[in-house]
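Shown next, in structure tokens, is the structure this report addresses.
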């Protein structure tokens, strides 16, 4: 049985801040229903738990299950457990196999606990950015004498230990995985789809998107639901820790129009029954990190007390302080941990209690509005150690507006001029219905779109909104980065996605197209990251890993709109401690007398030994009190771009590797590490360090190239990479380049949305200084019968490149 909160059912009451009402979504059967057939003895709700000793060298796997005998005779059973791990080439290695004899009385259900299985130095499961997500497959089966196999069950399992306590230094909740503290950078998840059209394929995309943004936690918000097992499976695969909330929120506390029930769910017993069932459904997932009673409130006293009792920690997982390490032999504990309902994860009664927000339930999360980017770096921006909800704008790309709204919704906001340069945006009624968040705040924040000049139309507005999205969310994360462990233990952005076509707080829209904010997050949340503190103008390096960084250097270069480099410095012989943000040096250029009103800053963190790029960060900046209006005439520059590509096609799946280079050069560009020899992270291959020109393809892979209508074409052979160039002749930064993938159908309706979605990009909305090259990986699945084409647009590309694959 699975509970769907009233908040999901019909609660989106008038005034709810992010979604319009969708009524009666809890009517009838809303999830998949399946029927299975077993023999006389059935397996019920196995529970897997791992315990660790000797600094994670000695590990025990505990397993308990219920066995239900539906027959009228005593069933003599062989109960079997097998643990395997997958090697390369789909070969499985059997790590453990055990069989036990058990008799189950007629018509009864018994609980059975296996003798613990011993592992020496198993591969551990780590969150995204900390290591590999090693998974083992556990299979439990029952053979009944005289019948054969009666039932079987299997589940992926990860060996890991999650600890959580309140950090004494910050007052925020601190999480440790396998003994290592993890700085939480994640987002709030609403639900996959407002009409509950749930699918494994969409879950896969959703979770991979979060991993692509370098996030390490997803909060399943209490107004949503416990998602299908596939959701948690992909969190296991991609290393996303899950904060799972029970279904207590604004629909059960007397708020709303009409006023909701003030005493929580109408049926407390049913709620608890569903809560316990949900725990059994999810508890074997290594990604599941904690249980939380409710959103911005605690459950009613009887429900809260029952949940605390049900989710009490086993002694094995209890700690009295954050530094205590449990090293007692498991034989000293009488009850096996797998016999608990959970016993391995903390229960926190509400999202703003016990180390979250002010820890006492005060409404101290947020804010949820546009901010000046530098404000995120200031000490007074947020007072508490862990912010469970902080958000901002979320305008999608223009193609999504045109695809989801009638022409009346294509009108951009009217702007009312206010004193001191402030404005007030008045959106059209359709945007208002879709919960648009303005890019300005009267008398507090000047328009972050008007900084670039007044938008001329919808296309111009949405493009400038993407510029603001990128800056806003990169600054949000970098602001938290700069006080990692000193003031903060983590944050969760409100929110990462929308279950409908919303216009606020999202990094990809309901059609699965990313905003530029997606890639601002991806940049800022790197495990190792170089950044500019927008408040102090200091260059900082964020090292969230457990390793000291040595033999590294930072290259800082400033570029003006004329394509010259007035500032270039290299800071060498750097050693940076683990789990720390280090301030390196203050940038001198902004205070120099010759500094330009608008300029670009490129920061690169690299290994001195091989010039391998660890982190790259590109800023566009204006002087204090200034704006970006000088970028408007910069659009007329036509920067020469060269693109090399190779594509691998497997069925309907395309993997395209492109190398994009800014061919404009000057004297300064020859001294830069412009090749961008990126270092791979954890074998993901998103940043390919090999030159595409030298990469060979096997006979089983199809390789093809670009075709476009405005560039001259150089063909080097049917199986060789293809190279294309634009005809630009200006010198300068190729600014805000972004790819998109479309169907190249010969016939189509005018204005039809031709995008192929979703698409996974290793980077997008990027910029290249003169001479610089960037490898990009693009992967997608094309619908049957569709020939895909890839387009490249940019702020100062006179026309977009069109790329077709045949």
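Numbers here mean position along the shown chain, with the first residue as 1.
A Cβ is built for glycine as well, from the same backbone N, Cα and C atoms used for every other residue.
Over in TrEMBL, the protein carries these features:
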COMPBIAS  665-680  compositional bias 'Polar residues'
DOMAIN    42-160  domain 'Glycoside hydrolase family 2 immunoglobulin-like beta-sandwich'
DOMAIN    174-303  domain 'Glycoside hydrolase family 2 catalytic'
DOMAIN    733-797  domain 'Exo-beta-D-glucosaminidase Ig-fold'
REGION    665-701  region 'Disordered'
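In the domain 'Glycoside hydrolase family 2 catalytic' (174-303), helix, strand and coil residues by DSSP number 41 helix, 28 strand, 61 coil. Across the domain 'Exo-beta-D-glucosaminidase Ig-fold' (733-797), DSSP assigns 0 helix, 32 strand, 33 coil. For the domain 'Glycoside hydrolase family 2 immunoglobulin-like beta-sandwich' (42-160), the DSSP-based tally of helix, strand and coil residues reads 3 helix, 81 strand, 35 coil.
Mean pLDDT for the domain 'Glycoside hydrolase family 2 catalytic' (174-303) in this predicted model: 93.
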